[in-house]
Amino acid sequence: MSTIILGSQPKYVRAPAAATTPASIQANGVSYDFHLLPSGLVAPGCINLFGSGVVFRVPSFFKELADVEAKGGHQGRPLPDPGHTKASRSGIRPAEMFDKELFERKLRQLEAGYKKRYGDLLTYGVEEEIKRFDEYRVKLQDHAVDAVEFMDHGEVGSSLQNLGGEVGVSTGRTRRCGWLDLVVLKYSCAVNDYDSLNLSKLDVLDTFDKIKIAVAYKDPQTGQKMQSFPADPTLLDRVEVVYDEVPGWKTSTSKTRQWSELPKEARDYVEYIEKFVGCKVKWIGTGPDRDDMIVR
């Protein structure tokens, strides 16, 4: 049913589960049995991704990828138990498979730990597994992507990247951009007791009709606004962000060096930030040059 409802969408994600969780799909008169692969593969033009927490078994991935019409079922597969390795951060993440030295070290550490726990009951050839992954590593390279880029590639973020030249100096990769989050900024001010703030690249916002500002987090389960910045990272990961919206100034502030020369809407934006976080914005960047700065 999900492939009918969501299959027409451009993206489909495999949720956290093991490869023993089957899904049977009928599409165009053909029966497909999936264990590991996302069932959105039956939808033409759909980008299929693996979400965080999926138990990714490499041999199963290549087997299903090569023959998505294969008949499936549980087939007596044992259910792996990777939960504790994820919680203890001792497991191997997919990205770590591409670092040969790191992968081999962590795999040997895991094997040694299980050997101490289970003794002779554990029959596992770690060196043979390493040799197999030397082959898998090459094949997997073409299938590895930054899923965040596919799942959350917004027009606003792209505009901010392009206008602000947000490209990593060392890596050359574009930086993730979004609206100003005053919740985390206020928390940072409280923790670090800043005397003043430096607001950079104000001129990047010159072309926006409306400017959003994150002003609160909402608990998705209760619908209530949180009173403070969440200490639990798992809760922070799923909060809903509440935005306020202020008018843009739709005129160039580039190379402006006097506070009084800024448009009223731009000054209101800066003062909104100051009032919310309780800290003065002393420096305001208005361009790429060192002298493109307002000092208040």
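Cβ atoms are placed via backbone N, Cα and C, with glycine included.
The DSSP secondary structure for R173 (substrate binding site) is coil. Annotation comment: TrEMBL describes V169, S170, T171, G172, R173, T174, R175 as substrate binding site.
Positions annotated as IMP binding site by TrEMBL: R173.
In the shown protein chains, 17 other C-beta atoms lie within 10 A of the C-beta of K201 (GTP binding site). If you look up TrEMBL, you'll see R175, K201, L202, D203, G285, T286, G287 marked as GTP binding site.
The region 'Disordered' annotation in TrEMBL covers 72-91.
Cβ neighbours of T286 (GTP binding site) (same chain, under 8 Å, six or more residues apart in sequence): L202, D203, T253, S254, K255, T256, R257, D292, M293, I294.
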